[in-house]
Amino acid sequence: MTTSSKKGSFLEHITIQDSFPIGTAQLEAAAKHALPAEVFGHIRSGAGGEETLRKNREAFEKYSIIPRFLRNVSEVDTSIRILGKEYASPLMVAPIGHLKMVHEEPDFAIANVAASMNIPYIQSTVTARSIEEVSEAVPHGPKWFQLYWSNNDAISYSMAERAEKAGYEAIVVTVDTMILGWREDDMRHQYSPLKKGYGKANYVQDPAFQEGLKDGQDEVESIIENLHHPSLHWDNITALRQRTKLPIFLKGILHPEDAKQAIKAGIDGIIVSNHGGRQMDGIIPSLEALPAIREAVGPDFPLLLDSGIRRGADVIKALALGADAILFGRPYTYALALQGEAGVQKIFANLAQEVAVSMALSGAKTIEEVKQLTLKIAADN
Ligand SMILES: Cc1cc2nc3c(=O)[nH]c(=O)nc-3n(C[C@H](O)[C@H](O)[C@H](O)COP(=O)(O)O)c2cc1C
Ligand SMILES: CCCCCCC(=O)C(=O)O
């Protein structure tokens with residue numbers, strides 16, 4: 001996206017407002033009011049005592065941008081290039097499963113928004129619509145597929161192959177969810193979107209899944225069995241590498257040594273993530289893990305980040321600390337619950353615009369210039 005004060009687009013945020021909540025805190029409050037407690041709790045909450053969930057936000061507040069001025073920022077270009085592909089903005093749609101809990105037709109709505117903005121839609125394994133259904137309904141726009149490894153390797157290979165055939169641009173293997181985190185909110189509410197079968201399309205339409213179904217076994221029960229795979233190992237990643245031509249990203253890497261091992265395994269990119277604090281509590285905030293990982297992988301290796309991004313300045317900080325782009329999670333789920341596709345459009349458009357305004361006010365005309373900005377870290381660290 002190129003935005004220019006001459007065209008007046010830097011003024012949009014002053015003139016265009018409607019009933020949509022402004023700011024992600026207000027959005028979350030409105031979703032809390034609108035959604036059943038167990039659904040809101042499932043989305044909002046983190047694992048354990050929610051230390052990591054909290055620290056994800058605090059990490060951003062520890063860093064301050066030292067802005068540069070007098071640089072003529074009337075033209076700001078937010079576009080990025082990753083693995084040879086150009087996207088309009090350093091924003092991506094984080095894979096979020098089971099969205100049928102908040103909307104009748106979630107996956108088409110979100111894929112449409114991503115396509116209209118030319119940002120990658122990262123489709124979760126556990127969506128209401130399958131890879132094929134999404135690619136048919138929304139044929140344009142960049143789409144990546146997030147893979148939860150299955151206990152039955154054949155299903156994982158089959159899903160990767162289906163994504164490649166459907167024209168998806170990359171496979172994202174999530175490595176931090178080989179078992180489910182300790183989620184007390186869900187326990188209190190006795191709530192499991194998995195058990196409700198909200199995310200079964202990719203499995204039930206998979207030939208390897210159907211072949212592996214035991215006689216009389218319930219499909220949802222089998223999906224849950226497949227999703228839990230504590231044996232996940234680098235050997236699985238190496239095997240997948242040999243079976244797909246698509247670029248592979250690993251989502252959930254937090255240790256520089258794992259990042260180096262990923263490169264050795266032929267991986268094309270890393271998403272530094274703690275799953276929004278939903279998996280292991282007490283682990284490092286993604287933003288704090290980022291600089292050491294950038295150091296380990298070198299300046300050109302594709303590095304993305306999620307967990308805790310809520311506004312434009314957060315995006316600037318993540319890029320200045322070494323990310324090439326960020327994934328945006330929970331807020332778009334709340335927007336979907338409140339206003340459907342229009343809500344998702346507004347939350348992403350607002351964030352994209354806030355990024356452009358933040359770039360201009362920091363003195364960066366391009367993403368490369370954002371990466372050169374200086375950050376000051378609070379003295380208590
Ligand atoms: C309700 C919910 C469902 C999620 N489902 C998935 C999923 O299916 N696959 C995945 O890799 N990550 C999943 N995530 C994690 C997100 O992709 C992302 O890492 C996280 O939400 C980022 O943190 P943020 O919400 O603070 O932006 C889910 C997160 C939420 C809140
Ligand atoms: C065994 C893991 C299934 C989790 C699917 C959704 C998810 O990632 C989440 O955070 O919730």
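Keep in mind that glycine also has a Cβ here, set from the backbone N, Cα and C atoms.
Because TrEMBL annotations are produced automatically, they should be read as predictions rather than curated entries.
These come from TrEMBL:
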DOMAIN    16-380  domain 'FMN hydroxy acid dehydrogenase'
BINDING   95-97, S124, Q146, T174, K251, S273, 306-310, 329-330  FMN binding site
BINDING   Y148, R183, H275, R278  glyoxylate binding site
ACT_SITE  H275  active site, proton acceptor
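Here the features listed in TrEMBL are painted onto the structure.
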residue : record                  : contacts (Cβ under 8 Å, 6+ apart)
P95     : FMN binding site        : I122, Q123, S124, T125, Q146, V172, T174, K251, L327
G97     : FMN binding site        : S124, T125, V126, T127, P193, Y198, G199
Y148    : glyoxylate binding site : S124, T125, V126, T174, T177, L227
H275    : glyoxylate binding site : T174, D176, T177, G181, G252, S307
D306    : FMN binding site        : A94, I271, V272, S273, G276, S286, I326, L327, F328, G329
G308    : FMN binding site        : N56, R57, A59, F60, G276, G277, P285, S286, L287, D314
R310    : FMN binding site        : T24, A25, R57, F60, P331
R330    : FMN binding site        : E28, I43, R44, I96, G276
CB < 6 Å to ligand 1, subset of binding-site residues R183, H275, D306, R310, seq order -> H275, D306
Of G97, Q146, R183, K251, R278, the binding-site residues whose C-beta sits under 6 angstroms from any atom of ligand 2 are G97, R278
With neighbours defined as other CB atoms within 10 A, the best-packed of the binding-site residues R183, K251, R278 is R278
DSSP says H275 (glyoxylate binding site), in three-state terms, is helix
By a three-class reduction of DSSP, R183 (glyoxylate binding site) is assigned coil
R330 (FMN binding site) -> DSSP, reduced to three states, gives helix
